[in-house]
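Per Swiss-Prot, the feature substrate binding site maps to R74, L112, E173; the stated evidence is sequence analysis. Taken from Swiss-Prot, the feature compositional bias 'Basic and acidic residues' applies to 197-214. Residues or ranges marked as region 'Disordered' by Swiss-Prot: 183-214.
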Amino acid sequence: MQKLRAAWHAHLPYDASIPLNQRRWITGEGSLTARLMSASAAFRVRRLAQAPQLPLADEWRALGLIRPLPAITREVLLICDETPAVFAHTIVDPRYARRDWPFLRGLGNRPLGGALFVDPRVRRDPFQFARLTPCHPLRQALQRVLPALSSEPMLPARRSVFRRGGGAMLVTEVFLPDLLTRAAPENTGAGGTRLPRRIDTHHTPSKQEERPES
């Protein structure tokens with residue numbers, strides 16, 4: 001029976017089936033967006049949804065909430081050369097969203113990393129790592145957009161909490177098969193880099209993308 005919950009670990013478990021190149025993608029620090037742009041000729045973000053919803057139990061605990069509250073939830077695909085590379089799921093502590101993450105409302109199809117890694121007030125907690133089965137809620141959300149991925153038994157994922165002022169933001173990144181075949185660029189380091197201007201934000205939005213942001 002497949003698990004609906006993921007076991008998150010402080011370190012990526014050693015597994016001979018995970019090639020070194022894949023481990024570099026999964027464990028690399030700094031801005032993942034910058035690394036994706038370095039590894040592709042064209043990069044863009046497709047926003048799938050942005051609306052309040054209840055986070056998973058392990059998510060609201062990771063944010064330090066004492067009970068579940070509807071949180072601003074943003075889901076996007078990071079696309080390299082017109083092929084989805086990463087599914088990103090972000091939830092924001094609703095108590096401090098407007099004060100500490102004011103840019104989130106107008107982000108649209110721009111990358112979150114472009115705002116996080118240029119702000120010296122943002123701090124990032126250490127990564128946690130997991131493998132998500134097709135029954136996991138985040139896999140289910142992904143598979144509604146990319147149903148072919150339901151045949152993948154496990155997809156590697158990582159998450160970390162970003163902090164700014166009193167606010168917390170949990171970002172989970174699910175690595176898709178196409179990305180893991182690409183050569184991983186050099187690590188940008190813990191602080192990340194200022195992002196190059198090579199992002200296509202002028203594409204036709206889906207109906208989900210046209211929903212007003214909350």
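Even glycines carry a Cβ here, placed using N, Cα and C.
Within the same chain, residues at least 6 positions away in sequence whose Cβ sits under 8 Å from that of E173 (substrate binding site) are L32, V86, F87, A88, H89, A157, R158, R159. Taking the mean position of the Cβ atoms of R74, L112, E173 as the substrate site, the remaining same-chain residues with a Cβ inside 8 Å of that point are E75, V76, A88, H89, T90, G113, V171, T172. With a 10 A radius on its CB, L112 (substrate binding site) counts 23 other CB atoms from all the protein chains. Counting every protein chain shown, the number of other Cβ atoms lying within 10 Å of the Cβ of R74 (substrate binding site) is 22.
L112 (substrate binding site) falls outside any helix or strand according to DSSP and counts as coil. In the three-state DSSP assignment, the secondary structure recorded for R74 (substrate binding site) is strand. Spanning the residues R74, L112, E173 that the record associates with binding substrate, the maximal Cα-Cα distance equals 12 Å.
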